[in-house]
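For reference, the structure is listed below as structure tokens.
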Amino acid sequence: MKDSATLDLTDLPSHGLGTASVSWWGTLAFMLIEGTGFALSIVVYLYLMSLAPHWPLDAAPPDLLAGTILTALLIASLVPNIFLARWARSQDLLKVRIGLIVMSLLGMAPLILRVFEFPAMHIKWDQNAYGSIVWVMLGLHTTHILTDLVETLVLTCLMFSRHGDNARRYGDVSDNTMYWNFVVATWLPMYACLYWVPRL
Amino acid sequence: MTGRDSTDSRDTGFNDGELDHRLASVWSTPPGLWGALSSVDHKIIGRRYISTAFVFLALGGLLALLMRLQLAQPEARFIGPDRYNQIFTVHGTNMMFLFAVPVMQAMAVYLVPLMVGTRNIAFPRLNAFSYWMYLAGGLLLWIAFVLDTGPDIGWFAYVPLSGPQYAAGKRADIWAQMITFTEVSALAVAVEIVVTVFKQRAPGMSLDRIPLFVWSMLVTSFLVILAMPAIMIASTSLILDRLVETHLFNPAEGGDVLLWQHLFWFFGHPEVYIIFLPAVGMVSTIVATFTRRPVFGYLAMVMALIATGVLAFGLWVHHMFVAGLPRLGESFFTASSMAIAVPAGLQIFCWLATMWAGKPIFKTPFLFVIGFMVTFVVGGLTGVMVASVPFDTQVHDTYFVVAHFHYVLVGGAVFPLLGAIYYWFPKLTGRMMSETVGRWVFGLIFAGFNLTFFPMHILGLRGMPRRVYTYQPEMPWSALNLFISLSASILALGFLLFFIDVIRSARSGAAASSNPWGASTLEWATSSPPPPYNFARLPVIGSLEALSDQSTALPVATGLRVDRRELLVSSVVEAIPEARESSAGDSIWPLWAALATTATLIWSIFTPWAVVWGSIPVAIALIGWFWPKGVPEDES
């Protein structure tokens, strides 16, 4: 079939940012997958609770301290995260580098607190179904903190390399901040479920 | 950053021949083994995916024949009970997870980028990774089966039968980990399809101009994204119960066996529509082409697809009617199960109206569509029957249900798929399949299928249970079973002829023109098979029927770079061009990542520490995959 040129794309930008970026949409789609996983884990928790004669099963409600500090820390981490997103949008290399170092540290800190959270549950995964679902939920969320931390560390190295100052990399940083928001947002219902539902 | 850079090279400066040459040098997969292993071309991976899925279909079919051989007479001693359990489990698992879902996604991997007028699928390396994961999952299941450690717990692996108490050894773990492989690959493809459809459509292809097959794959992909996490949670929990003694499914410690059924069917019922909706899209495409008119009721068809997708999540409990659930719940799920017949019926009537108003041409793909309609309506009617609790209680776990779901899945999905293979074969290979052989294939498969599966309804009503490896001669089942087994050989002959036709046509079929059926969707605007870059210049879309409006010239867009893999990103609703975007080049890293993930997943059947140590090579492979290599595709 013969062609007839009717549209000229010459002056379009050579990389899409924000909603014009395919990786932004890809990140969103993966958040939908993982968000469904988180939601289902909460459903399983509530389902098991609805069957149990008393809840928590054979354990005291979890100690609040470690989990609550972690929750506060995660919420506080949103502030530098939002700044980092803004700096990435304005492609400010120096500030993005600083922001990434800060966010790397803020990715490690919750992992340290998480170490104290598991014993605060007063139950092991192999004691009963309550212990199992609690450890599954904590484990699921910890995996997300961990993978985001690794991604942030790799991006930090990348932004200090010769490949750093590139609109594509700023887009990656921006997607990474969006993903961290997701990691924080999914924790809030998990926190309410793990720490406060047993006290109802 | 925007506009023309003095160093880059654009398609505007070249004549057709020179442009093809330039694009080919940028987009072609290099020859040889390394090139094949590194390729990220959606057409190469799509063909690979489709071929692999059909190999699994053939293997699953062989297992079905073994079962029919065993059941042909009472008290047969051909296969023992243990091997029989493995055979029906692997047959079902293989057909659902290694054939039906992947083959539909594979068709989309090949066709969707062509139908929306782009040069490659979104996230092409993820696409390569997903294929390797799928292949590894398939090999895991089949190698285990050959080694006599195939799963023997049914394709839905109900606890407690699959739990640590009753399923010693590693058979159940192999089933559960095979799930992880296939779901990772299915989820990856779903994300690619969603993003390709949302962001890579040709300029002007607004939402109301998207071909129906692409709509069906979009809805299917959302079903995958929302349903498959449930089975991943379920199978991971099963592995945890078996490996590290959690008690999620153990009633003695506060767990629950019905929790498994809820999680499994919350995935398992949408799964049926994950298989069926792509078939609906194939039928719509074939009907439009062979009646020489657009499908009647485009908007109604799209709404029916979406309605089916939504309702699919409200039906799962009808698989659990005999599990002793509250009456109110059963009534609700009876109503919702019957409600889903409404959008299905709507689509049937739209196709009938299209045929009524058009001038049907009875070529092989269209014959399969007619076969689909007849068979699927029968399967749909028995579906409405089993949606009613008293009837379901009577026929639950009998051959009636076996007949019902084979009518729905084979009639509803495999018939359209075979029609789709005959229809798109010229685009896949550049050659036509034989029309004469095609008619024989259709006749044998249609007759063989109905002769095999219709009597199973009667067997079920006479009380023959599913999953028994033999039965006693006093039961009134022998004659029908012999008849079914003989009929199965007709069905098998039909498939054998189909495979022979495929192989023969791929080698020496008649050469196909770019649009041999006179169809109106975009994949026919490029050569058969398409060049590595799909379209030398991206098409511009002015109506739903992309190719029927213009008899001479196809409107196209110009201005893309030819010195890197570049395609167009457009807006979600109206497909207004937003950016020229690069598309990732060939890479071996997805293969390394898949190998590292495979080793980790298989190792983790034996020890939880595999996850810890295995994550290191996986992370290295992923960093290698994403680290910039200083190629033109990395420029912005």
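Note: Cβ is positioned from N, Cα and C throughout, glycine not excepted.
Keep in mind it's a predicted model, so treat the numbers as computed, not measured.
The domain 'Heme-copper oxidase subunit III family profile' annotation in TrEMBL covers A:1-199.
The transmembrane segment feature in TrEMBL is assigned to A:24-48 (among others).
As annotated by TrEMBL, transmembrane segment applies to A:64-84 (among others).
Residues annotated as transmembrane segment in TrEMBL: A:96-113 (among others).
As annotated by TrEMBL, transmembrane segment applies to A:133-158 (among others).
The transmembrane segment annotation in TrEMBL covers A:179-197 (among others). Beyond the transmembrane segment (A:179-197), the same-chain residues lying 6 or more positions past its ends with a Cβ under 8 Å from any Cβ of the stretch are 27, 31, 34-35, 38, 41-42, 45-46, 49, 55, 61-62, 64, 67-68, 71, 74-75, 77-78, 81, 103, 107, 121, 134, 137-138, 141, 144-145, 148, 151-152.
Taking residue pairs at least 6 apart in sequence, the transmembrane segment (A:24-48) and the transmembrane segment (A:64-84) share fewer than three C-beta contacts under 8 angstroms. Nonlocal intrachain contacts for the transmembrane segment (A:133-158), taken as residues 6+ away from its ends with a CB within less than 8 angstroms of a stretch CB, comprise 34, 37-38, 41-42, 44-45, 48, 62, 97, 100-101, 103-104, 107-108, 110-111, 114, 117-118, 121, 123-125, 164, 169, 172-173, 176, 179-180, 183, 186-187, 190, 193-194.
Listed by sequence, the residues of this chain that lie at least six past the ends of the transmembrane segment (A:24-48) yet keep a Cβ under 8 A from its Cβ atoms are 18, 129-130, 133-134, 136-137, 140-141, 144, 171, 174-175, 178-179, 182, 186, 189-190, 193-194, 197.
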